[in-house]
Amino acid sequence: MSFVAGVIRRLDETVVNRIAAGEVIQRPANAIKEMTENCLDAKSTNIQVIVREGGLKLIQIQDNGTGIRKEDLDIVCERFTTSKLQTFEDLAMISTYGFRGEALASISHVAHVTITTKTADGKCAYRASYSDGKLQAPPKPCAGNQGTLITVEDLFYNIITRKKALKNPSEEYGKILEVVGRYSIHNSGISFSVKKQGETVSDVRTLPNATTVDNIRSIFGNAVSRELIEVGCEDKTLAFKMNGYISNANYSVKKCIFLLFINHRLVESAALKKAIEAVYAAYLPKNTHPFLYLILEISPQNVDVNVHPTKHEVHFLHEESILERVQQHIESKLLGSNSSRMYFTQTLLPGLAGPSGEAVKSTTGIASSSTSGSGDKVHAYQMVRTDSRDQKLDAFMQPVSRRLPSQPQDPVPGNRTEGSPEKAMQKDQEISELPAPMEAAADSASLERESVIGASEVVAPQRHPSSPGSSRKRHPEDSDVEMMENDSRKEMTAACYPRRRIINLTSVLSLQEEINDRGHETLREMLRNHTFVGCVNPQWALAQHQTKLYLLNTTKLSEELFYQILIYDFANFGVLRLPEPAPLFDFAMLALDSPESGWTEEDGPKEGLAEYIVEFLKKKAKMLADYFSVEIDEEGNLIGLPLLIDSYVPPLEGLPIFILRLATEVNWDEEECFESLSKECAVFYSIRKQYILEESALSGQQSDMPGSPSKPWKWTVEHIIYKAFRSHLLPPKHFTEDGNVLQLANLPDLCKVFERC
């Protein structure tokens, strides 16, 4: 059998270029890296990247750099054409990102490329299209800003195997974000943005005036930025300088985040990474890694940048000595970091099972299991030693001393029945004293609470929040207004009367559906079965659920509570009635005098604005009274406020600002009128720290009242507000993310730390 020698042929230039392009441009992220470096070489200060389908369908990168001269557009996409290098010796002193002239050429061999560019001295921009490195047609003049816009379409359209291998657009988009994010951190004086085509919000966005730490925070989050240590060292003997940021011993992740720039070029160094991680091994838990952002500036003649087609590797002289010097400096910075740790509370979903998946067992459950003979052993760290159904004695000791405006006195029977067909269900209630700002508006210092059931147009559907597992649903009635007899609600809201109006108004029903859709059942279960621990201050309180302790934002939760009551009990509120009318003009003047109003002389005289507010609210008086029980008479006096929860009166110090915001912040002419009005009412009724008097201000009046609580607002928070949370609040999902519900401790975790329970 004879073998015939193969014929050696010269490859076609197109084949050669396409093979080379496959080495340089391995995926969309490589193309964006090369073009981003071109933008930086062009002295750009604003770089915008838009992609579609992970960059496989479209890549668009725009800068405001120097642009490309019209004369150079003919050869800009040919191989080995560059403005940064002339002789081979220039490589020894190269300081730019590009030097071979292969990037645009390689991209044009595997995609359709269009370049639109304008120089500072050019009268107009020029657009040109390229394929296989060649100009398709003479450049055409067009409108454009200074800089360059490169559009890359159908990447790897002629390399089918490569395109099939890159079949996950989301993965490719993630790599694009990673590349641009790293360059944005290293170039803190330049604005970067990356977004998908058609999206309005950028996934990466940095500002030109942002610092390096700001950009790290924007890309990697606060968890990294607040644990950074600045590093820096220099060795003239080795001709190198190092600086950057590394994470301290408080921060660790499962995968090392290593940003390395050598002479401002993004590269990789497995040896340097291994050396630094060896230092961190003494400080971080096993199988966790640090965040590292290092900049090495080495004398250019000591660096060989022409090592790899993608330029992600470089070689340099004295590598071992430089790595050892960097390792020693980082070790000195971390020295002593192991002496302390800082722990941050994070928002956790209440009620989720622990890592072991073991169910939490209460003491009542222990008794039942022992009687049934199950024989299950319950560990101390699993026991729940409280019962949310237990009542406290002080729940029956409502404060009777001089109290805050938000604390009602004991009910006083009354005979008012106007507007209500059910006289037997009416109640009256007074408050001993209005706050100091109210004294200027009304000489009288008492409020009467009167249950008023109107009989007009649109009202709230019946709901049963106290029934376990119940959900709020809209009623299918055809008419906009109906009356319902024998409402089965027996809870705390003011609309608990035998006769109710039923709503079918689309705007209100949609708000109810929105509340249902954003509700979080796990949070609801926690609030329904919580055990109140105590108030930290008027804004924060502690509550226990099973074996976990939570810190709850009373202000935000009460605001959401009152908003939901206003929406679900729409037009079914009782009335807190002032026995003597309070002028709206005086309220408006008090509000405008407050810095919170933001009034300036440019807004005009306060008296004129106050008169406008009075006249405006008088026009809305009928709707306010019918739907929200905010009663205003013909003379412009406030005579009633809605009764949302039994035995609760809002902090009346906020009434002037509430009146002002009713006239200025509510979208009266928009479809969102009911929503914005309800939100303003909810803010007014919520527990707010600035309106709660301190104990020192009340000690003189309360010292002679034995048996009464020292701080009546605490009684209100525990026995009125948090009691209402159990049955009336469907907490939204965002409460698990925005810090309004924080898990502070978990009994099993505490037992691991202290080795006892």
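Keep in mind that glycine also has a Cβ here, set from the backbone N, Cα and C atoms.
From a predicted model like this one, the values you see are computed outputs, not experimental measurements.
Secondary structure from DSSP puts Asn38 (ATP binding site) in a helix. Sequence annotations record features per position, and here Swiss-Prot assigns ATP binding site to Asn38, Asp63, Thr82, Ser83, Lys84, Arg100, Gly101, Glu102, Ala103, Leu104 based on similarity to another entry.
Per Swiss-Prot, compositional bias 'Low complexity' is recorded for 362-375.
Taken from Swiss-Prot, the feature compositional bias 'Basic and acidic residues' applies to 419-430.
Annotation comment: Swiss-Prot describes Ser2 as N-acetylserine.
What Swiss-Prot lists as N6-acetyllysine is Lys33 (among others). Counting every protein chain shown, the Cβ of Lys33 (N6-acetyllysine) has 24 other Cβ atoms within 10 Å.
Contacts of Lys241 (N6-acetyllysine) defined by a Cβ separation under 8 A and a same-chain sequence distance of 6+ are given as Gly232, Cys233, Glu234, Asp235, Leu296, Glu297, in order along the sequence. Residues or ranges marked as N6-acetyllysine by Swiss-Prot: Lys241 (among others).
What Swiss-Prot records for Lys361 (among others) is N6-acetyllysine.
Per Swiss-Prot, the feature N6-acetyllysine maps to Lys377 (among others).
What Swiss-Prot lists as phosphoserine is Ser479, and the listing cites similarity to another entry.
As annotated by Swiss-Prot, region 'Disordered' applies to 355-378 (among others).
Annotated region 'Disordered' per Swiss-Prot: 400-434 (among others), in sequence order.
The region 'Interaction with EXO1' annotation in Swiss-Prot covers 412-652, and the record cites similarity to another entry as its basis.
Taken from Swiss-Prot, the feature region 'Disordered' covers 456-487 (among others).
Feature annotation from Swiss-Prot assigns motif 'Nuclear localization signal' to 473-476. Summarised as a single figure, the pLDDT of the motif 'Nuclear localization signal' (473-476) averages 38.
Counting every protein chain shown, the Cβ of Asn38 (ATP binding site) has 22 other Cβ atoms within 10 Å. Taken residue by residue with DSSP, Lys33 (N6-acetyllysine) is part of a helix. Calculated from their C-alpha atoms, the gap between Ala103 (ATP binding site) and Lys33 (N6-acetyllysine) amounts to 9 Å. Residue density at Ala103 (ATP binding site): 23 other Cβ atoms are found within 10 A of its Cβ, drawing on all protein chains shown.
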